[in-house]
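Visitor: I'd like to ask some things about the structure below.
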Amino acid sequence: MLDWLLSSIDPSRGHEVGFAISWHARLMTLAWGVLVPAAIFAARYMKIVPGQDWPRELDNKTWWHFHWMGQALAYAISLIGLGLVLGRGENPFQLNLHTVLGYVVLAFGTCQVLLGIFRGSKGGPTARATDGSLHGDHYDMTPKRLMFERVHRSLGYLALLLGMITILVGMWNANAPRWMWVVLVNYWMFLVVASVIAQIRGNAVDTYQAIWGPDPSLPGNKLPKMGWRTVRPSEKTNGQSGQTLEGAE
Ligand code: HEM
Ligand code: HEM
């Protein structure tokens, strides 16, 4: 069993990778295989955390810190990973599936970080505008914010999927040992199972309500909710207790 795990996925080829490629592979897998999916999970399912007394306690920043710090770290690590392959002194930009996918993933990652940075102002009682009003791109759900959420979500899931494929193609090209495939696929399966459970439990909470609450007079609550299969706690019945959360405060 141990021999099987330590041997390469394709026994007919060797597994000879030098320093630059082995560290490129480790760093890229850490970034796109481990950190990016975990940071997306946090953004989707941790907007209201267990024990939080929502809606009395709004805008819990756990998801936010996990998400932006995790993604910023993943992005920084990917740039080091890219620097390692480019620093090998071999002709860059050779046309093969892994290289093309790799540059597309890095381009999407760059767009995601830029979209995040330039997503606009927050507004609301905790981040008032300079004139003292509640106005802000998120609080008002301005066209800019609506566009950000649509594009950032779609591009984010696409980048995640392409990142996973890029890793698998890279591992195949480098003829990685079987234990690496087993560990990585098990980690992804764990996240898939955790996501299914969190989805069924109604943890994919609408960002607007998680942050600003259920008051129907709030600008964002007058618009249809954002995101695929997200839930507005004010509209859902609590599956566990059968009570509705509407009018909790
Ligand atoms: C440091 C840069 C980043 C910032 C500041 C940022 C910010 C945000 C914000 C504010 C949201 C919530 C928006 C909403 O609820 O619709 C969000 C969600 C999301 N982000 Fe990022 N993000 C960053 C990087 C990334 C990267 C690099 C990826 C993926 C490659 C990514 C993927 C996603 C996805 C998929 C969601 C939606 C999760 C859901 O389904 O609710 N983000 N991000
Ligand atoms: C999402 C994660 C990854 C990204 C974004 C990525 C990106 C890239 C890019 C852009 C290049 C081309 C650099 C050039 O112009 O020469 C490259 C080359 C390479 N990468 Fe990755 N990589 C990732 C994961 C991996 C993994 C996990 C492995 C191995 C297990 C790997 C192995 C290689 C190898 C062997 C090369 C050089 C030869 C070739 O082009 O196939 N990469 N990678």
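Each Cβ is built from the backbone N, Cα and C atoms, and glycine gets one as well.
Copied straight from TrEMBL:
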| type | residues | note |
| --- | --- | --- |
| COMPBIAS | 236-249 | compositional bias 'Polar residues' |
| DOMAIN | 1-210 | domain 'Cytochrome b561' |
| REGION | 227-249 | region 'Disordered' |
| TRANSMEM | 20-45 | transmembrane segment |
| TRANSMEM | 66-88 | transmembrane segment |
| TRANSMEM | 100-118 | transmembrane segment |
| TRANSMEM | 154-173 | transmembrane segment |
| TRANSMEM | 179-198 | transmembrane segment |
Visitor: What stretch, picked from 20-45, 66-88, 100-118, 154-173, has the most CB pairs under 8 A with the transmembrane segment (179-198)?
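Guide: That would be 20-45.
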Visitor: Near the transmembrane segment (20-45), which residues from the same chain, at least 6 beyond its ends, have a CB less than 8 A from one of its CBs?
Guide: 62-63, 66-71, 73-75, 77-78, 80-82, 84-85, 87-88, 102, 105, 156-157, 159-160, 163-164, 166-167, 170-171, 174, 176, 180, 184, 187-188, 191, 194-195, 198-199, 203-204
Visitor: Express the predicted model's confidence over the domain 'Cytochrome b561' (1-210) as a mean pLDDT, rounded to an integer.
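Guide: Computed over the domain 'Cytochrome b561' (1-210), the mean pLDDT is 96 on the 0 to 100 scale.
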